[in-house]
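**Student:** Features from TrEMBL:
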- 51-277: domain 'Orn/DAP/Arg decarboxylase 2 N-terminal' (DOMAIN)
- Lys64: N6-(pyridoxal phosphate)lysine (MOD_RES)
- 282-359: domain 'Orn/DAP/Arg decarboxylase 2 C-terminal' (DOMAIN)
- Cys338: active site, proton donor (ACT_SITE)
Amino acid sequence: MHQDHCALGLAPLSTVARSSVSGAIDIAQGKPVQPVTLVRPHAAARAARFFVEKFPGRSMYAVKANPSPELIKILFENGITTFDVASIGEVRMVARTVPEATLCFMHPVKAEEAITEAYFTHGVRTFSLDSMEELEKIMRATRNASDLTLCVRLRVSSEHSKLSLASKFGVAPHEAKPLLFAARQAADALGICFHVGSQAMTPDAYADAMERVRAAIVEAAVTVDVIDVGGGFPSSYPGMEPPPLERYFETIHRAFESLPISYSAELWAEPGRALCAEYSSIVVRVEKRRGNELYINDGAYGALFDAAHIGWRFPVELLREPQSTVRDHPFSFYGPTCDDIDHMQGPFLLPADIQTSDYFEIGMLGAYGAAMRTAFNGFGSDETVIVEDEPMVSMYTTVEREAASNVVKL
Ligand SMILES: Cc1ncc(COP(=O)(O)O)c(C=O)c1O
């Protein structure tokens with residue numbers, strides 16, 4: 001079906017199966033030898049419509065979260081027509097997939113050749129930057145274009161988020177004045193953007209960041225045409241249940257309305273995770289059990305990068321019929337490669353009688369899961385199946401999965 005990790009031509013792939021079944025349990029009954037990726041187009045469509053209808057501005061999709069062309073088409077068809085791209089590979093892929101889309105090149109440090117191709121070949125007009133050097137680069141690469149929207153990235157705190165984005169990019173608000181001033185001279189439209197860190201657990205993250213925006217605007221005394229609040233909108237994972245997204249939208253709207261430029265400026269956001277986390281999950285097989293450790297056929301080099309490297313926990317669910325009646329027990333996982341670091345600490349709660357040859361589903365892998373897979377050590381699989389059941393957890397519906405076997409384990 002889709003080819004997430006090869007969409008940008010980054011990894012060679014074998015043929016991918018294309019089929020559609022009603023739910024994860026059907027996959028397990030087919031006893032697949034390799035891990036299988038499940039995709040839920042209806043979940044991505046629902047997330048897109050939610051942002052389009054409820055976010056009080058323009059939502060663009062941050063492609064890095066999951067560059068699947070199928071997903072991009074679903075989002076586009078459901079109203080997300082602007083895409084935040086971070087590399088020329090993403091620019092080319094999105095331009096090919098949805099030629100009518102608007103692309104914004106929001107990586108603050110770009111190759112000059114990438115800017116030139118984006119501007120002249122693909123019609124990209126919006127670029128982010130956080131230094132004078134990058135401003136000069138953009139102007140050189142576009143031959144001093146007069147139709148640019150330039151978004152200056154401010155450094156803001158990641159204290160409310162699970163993944164920091166506060167070190168690498170962004171100009172400190174008190175140092176932003178000269179850059180805002182210079183970008184204002186060069187740009188047709190001037191924007192200010194920021195990123196509060198991924199998986200922001202409280203709307204306060206955005207309220208605090210908007211205060212920094214206010215300070216920067218007042219100090220620089222420039223007219224600003226766009227406020228871009230970036231990504232960071234959360235999804236639901238075990239031990240991380242954020243407030244409803246509407247609360248984030250209300251906070252952002254209030255803060256935006258109170259800025260001195262709100263009467264003339266546009267509000268943008270760049271959600272990645274929130275638009276695609278519920279889109280996919282995987283079905284894996286237990287190859288060996290050693291006490292509380294399960295050796296499974298996907299891992300750190302597959303869709304479980306975050307589970308291995310930053311200890312992220314994902315919902316899991318045993319796919320066995322009849323269901324196990326044994327109580328849950330905490331397990332950790334080993335992936336299939338030969339490395340010790342191919343280890344996912346969890347804990348992941350599964351019935352205590354789980355054994356070799358059992359299958360289970362790992363949910364919420366649509367964001368930064370499918371996108372991170374490699375074929376290291378010859379493991380991994382491209383088999384992808386469209387399913388119609390509900391994701392294990394959702395920010396967009398209170399309806400739980402109906403099948404008795406689909407008990408959510410948090
Ligand atoms: C510039 C930019 N925008 C948006 C995103 C998407 O963030 P999230 O997935 O947390 O919504 C990222 C993620 O790294 C980013 O770097």
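Including glycine, each Cβ sits where the backbone N, Cα and C put it.
A TrEMBL annotation is a machine prediction, not a hand-curated record.
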**Student:** What does the structure give for the C-alpha distance between Cys338 (active site, proton donor) and Lys64 (N6-(pyridoxal phosphate)lysine)? Integer Å is fine.
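**Tutor:** Rounded to a whole number, the Cα-Cα distance is 28 Å.
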**Student:** Would you find the one among the recorded positions Lys64, Cys338 whose Cβ has the most company, meaning other Cβ atoms within 10 Å?
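**Tutor:** Max Cβ neighbours within 10 Å, all protein chains included: Lys64.
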**Student:** DSSP on the residue listed as 'N6-(pyridoxal phosphate)lysine', three-state: which is it?
**Tutor:** helix
